[in-house]
Amino acid sequence: MSAEAEAIVTTATADVSSPSKTVAVEPVAADTTPDNAPAVSTEGSGKAEQERAEKILKGKELFSQGSRNFLVKSYDEAADELSQVCQLYEEVYGELADELGQPLLLYAKALIAMALDENKVIDVPDEAADDDDEDVDDDEEESAEDGAAKKEEKKDTKEAANGASSSNGKELDTIKEGSDEADSTGEAEQAQSDEKPSKKVPTGVDEVSSSNGGGGAAVNDDERPSTSNGEVTASCSNGAAPAVEEEPEEEEGVSGSLQLAWEILEAAAQIFSRQGLSGLPYLAEVQTELANIEFENGILEAAREDYEKALKIHGELPTRNRRALAELHYKIGLTYLMQQLNKEGATALRQSSVLIEEEIAEIKGKDEPSERDRNNMLDLEETKQEILAKIQEIEEMQAQTIAEVRAALDSYIKPMSSGDAAAASSSSSSSANGAASSSSSSSKGAAAASSSTISSSSAKPTDITHLIKRKKPEDPSSEAEALCSPAKRAAV
């Protein structure tokens, strides 16, 4: 054995046999119990920190995915991912923490966009149903025409068969009866076989007419009810009825999404208002989204007030975002126009166009504008032209309204003025006639008075000679007769 090995063995035996070493080992064994307890607590805290870090990392990944889906307008997926982000951040940071501000804002915007898309898509199934109805009607007309043609062919064949039977006798009659029975049984079997696929496919008119042949088509045309009460119409109505029944559910979903977005925005507003100057841009965006919800619900005055609040918040920012300001003025103008306040709406739209012109001038003033700046400038130019066209339309509408009002007033005032003139002329003529009549009457009265005075002054007797009966003059013959006759003589 070598010297080194002997030294190792001797030192090992010395360590085992040494009492001081055993005494030194005893306190170490006694100290292991308290040393193990903090080791367990550190392991638990390490796991908690690890879980917390994993949640934060997962939340960041989900937030980036949700932001990307929001930008590409996949609002359903964005809303799902951002809701998970909000849940994870609330577990990690607590309720209404500063880290929850931006996820809540983007989540609310995704809900609003999703509700708007659902609201736009509501009428599409009805249009599709109308198209289906038109297609089914066309198919039914075609199948009816085919059936009529096939019926005529069948009648021709039957007439030919009848002529042959009359010429050939009873044998052909029996053959024809057998063929008719075979046709009837075949048609019944085909009708039964056609009822099964017609139940499965409600609108398969072309398939039924093409698979059955001549006789089957004729049977289907006879057995199938008309369009007003038939299976095809029933299937279309059954297909359209769920769409009509689903409309209230879709409207409830839209209102529920907007209500949830409203509550989320209120929570985000509390977070950003607590952050001070750094949270003002997000607070202005929150106020704008609240106004958008009110605008979509038709609460125009409240929406306009919230838009004006957003304008006020933008005024407190150190940098001026002209595009956001132009959009706010445009929305305010729309609220005015929807309330038939054309003058105020045109004023707001002009302010929006002025801000857009300033933004375009700033982009043009750059020495080397980027591709993004050039694209933005083109978009702004297009938006400006649309706003100016809207303003021109409003002005033309106002001018037309004013012209119509003036024409109506003129048409109303002219008859009145002509009536007044006629009344005035009639009154003047009547007054003139009255004056003339009064003058004539007065002249007549004066003449009568003068004649009365003249008659009274002259005192001429009235001529009543025509009333006096005069005696006939006595003839001399009568006087001689009277003298001759003793009877007529006067007594002396």
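Cβ coordinates come from backbone N, Cα and C, glycine included.
Record note: of Ser193, Ser441, Ser477, Swiss-Prot gives the feature phosphoserine to Ser193, with no matching annotation on the rest. Looking up Ser179, Ser198, Ser211, Ser228 in Swiss-Prot for phosphoserine, the annotated residue turns out to be Ser179. Record note: of Thr13, Thr32, Thr288, Thr401, Swiss-Prot gives the feature phosphothreonine to Thr32, with no matching annotation on the rest. Remote same-chain residues near the repeat 'TPR 1' (284-317) are listed as 105, 108-109, 112, 115-116, 119, 258, 261-262, 265-266, 268-269, 272, 324-325, 328-329, 331-332, 334-336, 338-339 (criterion: CB distance under 8 Å, separation of at least six residues from the stretch ends). Below 8 angstroms of C-beta separation, residues 288, 291-292, 295, 300-301, 303-304, 307-308, 310-311, 314, 380, 383-384, 387-388, 390-391, 394-395, 397-398 of the same chain, each at least six residues beyond the ends of the repeat 'TPR 2' (326-359), sit close to that stretch.
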